[in-house]
Amino acid sequence: MSLTDILTPSDIAAALRDCQAPDSFSPKKFFQISGMSKKSSSQLKEIFRILDNDQSGFIEEDELKYFLQRFECGARVLTTSETKTFLAAADHDGDGKIGAEEFQEMVQA
């Protein structure tokens with residue numbers, strides 16, 4: 001399964017266009033524009049599984065840096081400050097990584 005099986009290519013493209021400039025990425029805005037915030041819990045679990053590149057059950061900081069590239073291979077890499085802000089916003093238990101439940105809470109907030 002791919003992200004385009006869950007999200008429309010046009011919504012993904014619009015979300016990526018919105019954050020093309022360095023330091024313009026807002027997770028909440030990206031989730032809304034891409035349509036992720038309207039998806040069911042099971043769909044968000046599948047999205048999380050796709051984004052968890054190493055299938056560890058967590059999205060770590062090094063995976064977050066390449067978050068946008070999981071949606072489109074030519075997308076930019078998140079800046080260090082965007083990555084740290086994204087991680088801090090989702091990492092509720094302070095373990096330095098985002099679990100599936102934390103991801104879902106952030107998307108649906």
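From the backbone N, Cα and C atoms, a Cβ is placed for every residue, glycine too.
Automatic, uncurated: that is what TrEMBL annotation is.
As given in TrEMBL:
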- D52, D54, S56, F58, E63: Ca(2+) 1 binding site (BINDING)
- D91, D93, D95, K97, E102: Ca(2+) 2 binding site (BINDING)
- 39-74: domain 'EF-hand' (DOMAIN)
- 78-109: domain 'EF-hand' (DOMAIN)
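TrEMBL feature annotations superimposed on the structure.
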residue	record	Cβ contacts under 8 Å, 6 or more apart
D52	Ca(2+) 1 binding site	F58, I59, E63
D54	Ca(2+) 1 binding site	E60, E63
S56	Ca(2+) 1 binding site	none
D91	Ca(2+) 2 binding site	K97, I98, E102
D93	Ca(2+) 2 binding site	G99, E102
D95	Ca(2+) 2 binding site	none
Near the domain 'EF-hand' (78-109), which residues from the same chain, at least 6 beyond its ends, have a CB less than 8 A from one of its CBs? 22-23, 25, 27-28, 31, 36-37, 39, 41, 44-45, 48-49, 51, 57-61, 64-68
What average pLDDT does the predicted model assign to the domain 'EF-hand' (78-109)? 96
